[in-house]
Amino acid sequence: MAASELYTKFARVWIPDPEEVWKSAELLKDYKPGDKVLQLRLEGGKDLEYCLDPKTKELPHLRNPDILVGENDLTALSYLHEPAVLHNLRVRFIDSKLIYTYCGIVLVAINPYEQLPIYGEDIINAYSGQNMGDMDPHIFAVAEEAYKQMARDERNQSIIVSGESGAGKTVSAKYAMRYFATVSGSASEANVEEKVLASNPIMESIGNAKTTRNDNSSRFGKYIEIGFDKRYRIIGANMRTYLLEKSRVVFQAEEERNYHIFYQLCASAKLPEFKMLRLGNADYFHYTKQGGSPVIDGVDDAKEMVHTRQACTLLGINESYQMGIFQILAGILHLGNVGFTSRDSDSCSIPPKHEPLIVFCDLMGVEYEEMCHWLCHRKLATATETYIKPIPKLQATNARDALAKHIYAKLFNWIVDHVNQALHSAVKQHSFIGVLDIYGFETFEINSFEQFCINYANEKLQQQFNMHVFKLEQEEYMKEQIPWTLIDFYDNQPCINLIEAKLGILDLLDEECKMPKGSDDTWAQKLYNTHLNKCALFEKPRLSNRAFIIQHFADKVEYQCEGFLEKNKDTVFEEQIKVLKSSKFKMLPELFQDDEKAISPSSATPSGRTPLYRTPIKPTKVRPGQSTKEHKKTVGHQFRNSLHLLMETLNATTPHYVRCIKPNDFKFPFTFDEKRAVQQLRACGVLETIRISAAGFPSRWTYQEFFSRYRVLMKQKDVLSDRKQTCKNVLEKLILDKDKYQFGKTKIFFRAGQVAYLEKIRADKLRAACIRIQKTIRGWLLRKKYLRMKKAAITIQRYVRGYQARCYAKFLRRTNAATIIQKYWRMYVVQKKYQIKRAATIILQSYLRGYMARNRYHKILCEHKAIIIQKQVRGWLARLHYKRCLKAIVYLQCCFRRMMAKRELKKLKIEARSVERYKKLHIGMENKIMQLQRKVDEQNKEYKCLLEKLTTLEGTYTSETEKLRSDLGRLQLSEEEAKIATSRVLSLQEEIAKLRKDLERTQSEKKTIEEWADKYKKETEQLVSNLKEENTLLKKEKETLNHLISEQAKEITETMEKKLIEETKQLELDLNDERLRYQNLLNEFSRLEERYDDLKEEMTIMVHVPKPEHRRTDSTHSSNESEYTFSSEITENEDIPLRLEEPSEKKAPLDMSLFLKLQKRVTELELEKQAMQDELDRKEEQVLRSKAKEEERPQIRGAELEYESLKRQELESENKKLKNELNELRKALSEKGAPEVTAPGAPAYRVLMEQLTSISEELDVRKEEVLILRSQLVSQKEAIQPKEDKNTMTDSTILLEDVQKMKDKGEIAQAYIGLKETNRPFPMDCHELNEDEELWLVYEGLKQANRLLESQLQSQKKSHDNETEALRGEIQSLKEENNRQQQLLAQNLQLPPEARIEASLQHEITRLTNENLDLMEQLEKQDKTVRKLKKQLKVFAKKIGELEVGQMENISPGQIIDEPIRPVNIPRKEKDFQGMLEYKKDDEQKLVKNLILDLKPRGVAVNLIPGLPAYILFMCVRHADYLNDDQKVRSLLTSTINSIKKVLKKRGDDFETVSFWLSNTCRFLHCLKQYSGEEGFMKHNTPRQNEHCLTNFDLAEYRQVLSDLAIQIYQQLVRVLENILQPMIVSGMLEHETIQGVSGVKPTGLRKRTSSIADEGTYTLDSILRQLNSFHSVMCQHGMDPELIKQVVKQMFYIVGAITLNNLLLRKDMCSWSKGMQIRYNVSQLEEWLRDKNLMNSGAKETLEPLIQAAQLLQVKKKTDEDAEAICSMCNALTTAQIVKVLNLYTPVNEFEERVSVSFIRTIQMRLRDRKDSPQLLMDAKHIFPVTFPFNPSSLALETIQIPTSLGLGFIARV
């Protein structure tokens, strides 16, 4: 394809620009081969001639079609070059507010300098489990890809984050680590992630500093390995650091700071624990004040210090170590203030008792004299002896700074080691993901050793990056079986060899460091001699002999050789280190114990950044004759080794790349600087990736995608059944050059630019088709319009012509009349104008002549004065010229004399160099000094004389000034007297003028009075007429007011009705919220229950020795069971195994859980003790009352006393067994912990053991107190006498009558609560009470009910009295109103008619206003009552919730699953019994096993009646009820509930199983309600069904338990639904093309999106509908309640809508007009499904409303303000963030669509700013609506139910 085919008229290109880097332009004419100039037009409209390069003749880069702009992946662009990449990034960043973009395997992240809501947990959940190309680019997508590949490929991963300072590297690394911690799903190991994140404040405080580019710049590189176990949960981490910038400790540039920790210390200096550090302000210390910017805006260093200390504590650095760290850091600050004074040129000293040095020595614990000596001296060692030599001041200062840097580096290394120890895990690491946060390529005006090391590291990383990209390209080609041709890419191995190979730059640098007299200059010469003109990448600057240039992969960099040798040596004096090692401060020698000493005998100079290592380097062995001092490896050598280690680690992992870009240097949010962006893109390798991709076949399409996109270019005969062959045939016709494409196995590969060419052909074809359609339609429309216009024109012409004739005749008449009028009027006007002009001319002439005469006079006067001025100025100029000449002559003389003096000085200097001259001068020096001393004395005397003269002059001056002041005062007095006289004269003149004005005013008033009299007559007449008009108007106003009053009354009633409706809705919402909260608590409880079971199973698996079984015998006494349940739970579930597989891991959690449970048990015993004490007090009061009323009667208490003694014995046995188990636990812990006594965890275990012993002792004490209280209760009970049986029976009859009177359910509930509170009966005669003491219970209940009814009667009486008083007051007010109305009527009759009307109107208005005020008062009262009721409702709901939570907390998971449910006191009813199923007590487990555990839902649902298991269980319950066997009822219900839970736990992922047991649980619950005997549930029963009601037990509490179980099953059903539907939703609702041909597939990049074409194995909308049909049919087969089915369907549709909308908001490729149409169609299909199933009233359609509105938003017009208004009113179910996100993501699929402008999006935001909605972007897909179970009675008669033999229930007998 020739270039002329693309460079045609209107083609758009990119041309270079010095400001914007690249500018867009348009060709004005076609390009022809041989043209040297292109005619272009810029976007601003300016024409330009672009000259082509005559040598290369390269044409400018073509611009991509608008359809490709803003792509997620840069490799999806057809034209791959720098301007296309830059423009795509800018459009995404500025217009769409998208900061992430893929570039092949690289994620480009642009720092927005603004907090974005795209990192929440909902976003993490959305990206979890997704393929990398399916969602929009994000750091979470890269992290998910790494996590997925680690689990799938069993290979370690690395995420390499690089970029400039301030580009956001550290933040990106933090988000990646947060993602791993969230998706790893390890709640127990979440603490590791907290520790990893807690390491950030520590590392930032000691490794980050403020620079000119970034306020929190990392001055070191780090590599964090996050370890995972076999289940891919985080277990630990490890950190490696690189290249710490030590020079910042002692020097900071302007506007920069030292490391944050120093300023945090200074800000916290006033804390009491820091007083010993003797710190002060940061401006006091030399090491913190050099930058001149000690404060960062918006950062509080004191608060940051608190965060740092908290992080240290979390990571296990205790308080003593923390104070040690701060002590060393404070010592470094004080060391920086140590000053030196020069003795001579070769030595220096420290002032005696130097305060900073004293403080430093005190903090470091070293001797002052030693440190003072070795700071000013050094030791020189020769072969025979050792010398101590003083050093000059400069060298001493450098040695001090080197020591400070060395201490800081060692402290940094120590802290990193301790952080790694805290992050280390004892569990074996299975795999890891490494996160590398490292500096990017750097180039400054002056580049030194630091930049050399950084760029060397980036060269290595770029090489590894290029090889990885090259490898992926090769693998893709080989996978598709495409002929592999070697791609020419930039290999930077020569540059790396130049740096690190033998005789390379680093090698020569190390060699020069070993030379005795090595210097930077000699090293530079060696570099020139070795590499200049031999290596193309090495150059020498023209104007410098101390610099060199290296051609790096990103740019040329010039390095200054100065300081390279000293920074590479990085040495300190040995003697100073020895002094520090001898410190009394224990922590300081720790820093140097593993130090490989590199002590320099020559110098100690500041160095730059030095690397830190995880492994020490072994020192070489010392020969006997050799000195013990060894040179350490140089910084360059160490950095090279650490870099090789890093590269080995990265090469052993699968890398993932994140390139952070800094968009501007001023930290402005969403501001894009093209120059800075291009620099970083070139430096980070993004453009190299583009170049490698462009060199091969960057555009890749599957055959199906290509066919779908370019079907319009094919004819019908070209379409074959084989898509691959069809694509081949079409491509051969469209692209003649076969080298431009290749056919792979599944894809077609295109060269760069070919997709744009195909898009151009497609667009031309579509444009031609559009033009043809438009032509035809426009012609038809215009013909229709023409015929209508022709017919209308003929009619109009007829009428217009007649009208014109009439108008013409009228015009002629008016013209004649107007001509006559004009003649006379023009004459009059001309005459008036002439007279006015004549008068004005005369006046102007007079003024003009006067003005000219005055001007002439002034001109003569000015000329005369100018002559005088000229005379004076000319004289002054002549004098000035003379002075200048004189000054110049003097200056010349001075210059000549200076020259002669210099010559003389030169001669004198030559003479002065001779020794004799020096001696002569030295001899005369003392005389000169004496002379100078005398001169100084004389000058002092003269100075004193002058001072005396000055004082005398001042005295005279003050006396003269006082005289002048007195004269001035006299003159001022005389002046004031003159002013007073003049003011009197003026006042007299003003009085005369006032009198004249009064005279004139009286005359004018006389005239006005006369005029007013005339006007008054006219006004009176006018007033009469106005009054008549006002009378009529008042009548009309009266009618309108009556109308308004009626309308207001209607409005008030309507508003009241609306408010009532709103209040009811709000109450319903509150009820739903409370229901949702309760069901969430149930969900959380079930989750904890499952977790408990899992832990229990794990414990049983790990135990080798069988657990000592102990189960407490079941007790029928409610209080005793609640007391002992917990102890049995501990003995059964928390027995500590003797042998564990991994004792170090599992030991601590078990001990801690036991400790917490014992604590909880102690609190329960305390509460029980308090309850017992209260009950004892109450019983004592009852005893006193009973003694006063009745006589004492002996009681037989033998049986009950024996029962209580048995209970005490049981309690004692429980205590003994618990103590034995605790002793066994102690032994096991001591045996396991014996080998690790010295381990760090040993003290913690001892503390835990002590706590356990103390708690066990406290437990014994509490139980003894309980026993004492019980014995007291027994003694008190024996003393109490019951009432007679007759009274009981009479009270019971009263109670029955009172209960019938109680209509309110709340009253009955209160009575029932009162009855329950008295469940501790008084002792009575054994012959009169049954064994459960129920008659006494009824008696106490009757008393409570009587009291309640009596209080209710009193309250009703009070309310009746209040109502009667209110009615009387109302009658009195009505009487007064009637009298007032009669008086007003009588008064009105006496008035005239007009006044009567006004009075009646006024009265009516006042009456209506009073009524309005009354209505307003009533409305306010109703509002207050509504608010009060709301508050009461919330309070009651809260109390109910607390009671429910308390009940749930009292039931432990072990009780629910394994233990029988707590027995409920079931009051018996006395009714007849009918039909039931009989079974033996021993057959209960068999019944549960056959009916629940082994039952297969499929067979039951198909062959038998729905809900059969529920009916069978209920009939069994009825038989137990008939037998009056509460134990059997309790046991059966408990076994049923536990068995259903076990089935759901075992087969909880099967939809049929969960649906089946949800249906049966609800049916069982409905049966318990239907046959409970309560009137509310018996309305729909037949008489026969009413005979089947329960006769002896009230199972209301068990109904609540079953209701909770049904809620848990429903929530599990929703989770199963979600797991089944979730994989289908995105593919079926979004990706699948339901309407074929509507949406064409856009070109895709290397990050391949999921295809939108339905291939085999992908889900479609039909798949979703089939699954919905399956769910619905299963639920109907199982007999699920219709209302419950509606709630399930509503929940399903919500899941579909939420997941679809969330994916739409995170996928730019899905936000298009055609996709909106697809979504609308899919939603309509779902609505059709609802209609078919008669579920439109289920509320499911409303859950899809946000998705429907999002689809409409994609399709509506988005240009004008009217469109914005329509969008705001339409999208009421979407939040503002969602609307803006959809508009930002909107992407045209064809060229005929337009993008949404930024101004339109801003308009939408302005209109929606007052809307109060959630800022959350995504919908909560995990939200579950609260479920209700409406009562649904069954019409099935129990006696007709037949039990099939297939169930294996032959042991059950029908009764």
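Note: Cβ is positioned from N, Cα and C throughout, glycine not excepted.
On the 0 to 100 pLDDT scale, the model's mean across the domain 'Myosin motor' (69-763) is 83. Here TrEMBL flags 69-763 as domain 'Myosin motor'.
The Cβ of G166 (ATP binding site) has N111, R213, N214, S217, K662, K667 as same-chain neighbours under 8 Å, each 6 or more residues away in sequence. Annotated ATP binding site per TrEMBL: G163, E164, S165, G166, A167, G168, K169, T170, in sequence order.
As annotated by TrEMBL, region 'Disordered' applies to 598-634 (among others).
The annotation region 'Actin-binding' is assigned in TrEMBL to 643-665.
What TrEMBL records for 915-1098 (among others) is coiled coil.
Residues annotated as region 'Disordered' in TrEMBL: 1109-1136 (among others).
Per TrEMBL, compositional bias 'Polar residues' is recorded for 1116-1130.
The coiled coil annotation in TrEMBL covers 1155-1231 (among others).
What TrEMBL lists as coiled coil is 1339-1439 (among others).
The domain 'Dilute' annotation in TrEMBL covers 1534-1810.
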TODO: Inside 10 Å of the Cβ of G163 (ATP binding site), count up the other Cβ atoms and send me the figure.
DONE: 26
Open item on the list: Summarise the region 'Actin-binding' (643-665) as counts of helix, strand and coil residues per DSSP.
Closed with: 9 helix, 8 strand, 6 coil
Task: Fewest Cβ neighbours within 10 Å, where candidates are the binding-site residues S165, T170 - done: S165
TODO: Would you find the one among the binding-site residues E164, A167, G168, K169 whose Cβ has the most company, meaning other Cβ atoms within 10 Å?
DONE: K169
Open item on the list: Taking 8 Å from the centroid of the Cβ atoms of G163, E164, S165, G166, A167, G168, K169, T170 as the cut-off, which other residues in that chain fall inside it around the ATP site?
Closed with: N111, N214, G440, C660, K662
